[in-house]
Amino acid sequence: PLGNLSDCPNGSRWIMDVFNECAQDGWDVASIVLGLASIGCFIAAAFPQFYQACRTGIMDQALSIYFLLGWLGGDLLNLIGSFLADQLPLQVYTAIYYVLADLGMLSLYCYYRVKNGARAFPAPINAAFVFLSVGSLSSLSLLGSASTEDPGTFKGRSLLSAPGDELGPKPFSRTEIIGFTIGSISSVLYLCSRVPQICTNYKRKSTSGVSYCLFALVMLGNSLYGLSVLLKNPEPGQGQGDYILHHLPWLVGSLGVLALDVVISFQFLAYRGGRPGTLEERDALLGEQDES
């Protein structure tokens with residue numbers, strides 16, 4: 001539904017109509033623009049890896065399954081947590097795309113694992129994959145029905161409380177506490193998901209089969225995403241510090257992983273032009289023996 005400017009004096013009409021979010025000054029507009037730019041980066045990030053996977057055919061060797069599962073788990077919890085903790089609408093929309101892109105990446109990984117004749121996944125990985133996939137699809141359907149039944153759920157933060165005379169802390173509701181906790185776990189999964197990929201690159205002494213554009217665009221998207229949250233004005237009556245506290249897990253999840261992504265970037269530089277890993281060499285030798 002179209003937004004109501006009565007609760008948002010001097011707000012931008014098109015932002016209210018499109019995003020149902022209050023943008024009263026340049027900082028709020030900049031937050032929206034950076035949020036849209038971050039979504040564009042995340043949308044584009046998956047395609048270079050899809051192309052690299054189709055070109056090399058070794059996606060199952062180049063990417064760590066624990067990296068993909070950790071990424072999906074973090075994105076799933078990020079989606080649920082941002083919805084429950086009343087985060088910005090753009091945060092919710094971006095989180096929905098994260099989950100869809102992760103499912104596509106995992107599907108492509110499984111395809112090349114089967115195509116390359118690799119051994120089946122261990123039972124714990126199979127269970128985690130099924131659990132996360134079912135949980136993702138269920139969450140998307142539930143959030144879709146919730147947004148249809150209660151359009152006010154996705155209203156901007158500035159529309160959810162009456163202006164106050166003094167700056168003060170905004171109390172957490174029980175739902176927000178649950179969402180905050182889930183968002184915190186999501187941030188931990190984001191941080192932990194990079195470690196298996198760093199180890200995989202180190203063991204192979206190669207980044208062949210991994211697209212650097214994936215990590216470069218994710219780094220840019222996370223930076224813009226974090227800035228979009230930081231530039232947004234707090235609710236009327238809410239202090240800047242209290243606003244940061246309410247969004248802290250999502251800021252850590254977006255800005256905190258930048259350090260680990262920088263480590264992966266150095267690995268691309270260190271292993272640039274290097275020999276393929278032992279796993280790829282072994283597969284090539286086995287292929288030559290079969291042909292002979």
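Even glycines carry a Cβ here, placed using N, Cα and C.
Predicted automatically and left uncurated, TrEMBL annotations should be read as such.
Database features, via TrEMBL:
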type     : residues : note
TRANSMEM : 29-51    : transmembrane segment
TRANSMEM : 63-84    : transmembrane segment
TRANSMEM : 90-112   : transmembrane segment
TRANSMEM : 124-144  : transmembrane segment
TRANSMEM : 177-197  : transmembrane segment
TRANSMEM : 209-230  : transmembrane segment
TRANSMEM : 250-271  : transmembrane segment
Stretch in 29-51, 209-230, 250-271 most in contact with the transmembrane segment (177-197), if contact is a CB pair under 8 A: 250-271
Distant-in-sequence neighbours of the transmembrane segment (209-230), which means Cβ under 8 A and at least six residues beyond its ends: 30-35, 37-42, 44-46, 48-49, 51-53, 56, 58-59, 61-63, 88, 90-91, 94, 197, 201, 244, 247, 250-251, 254-255, 257-258, 261-262, 264-265, 268
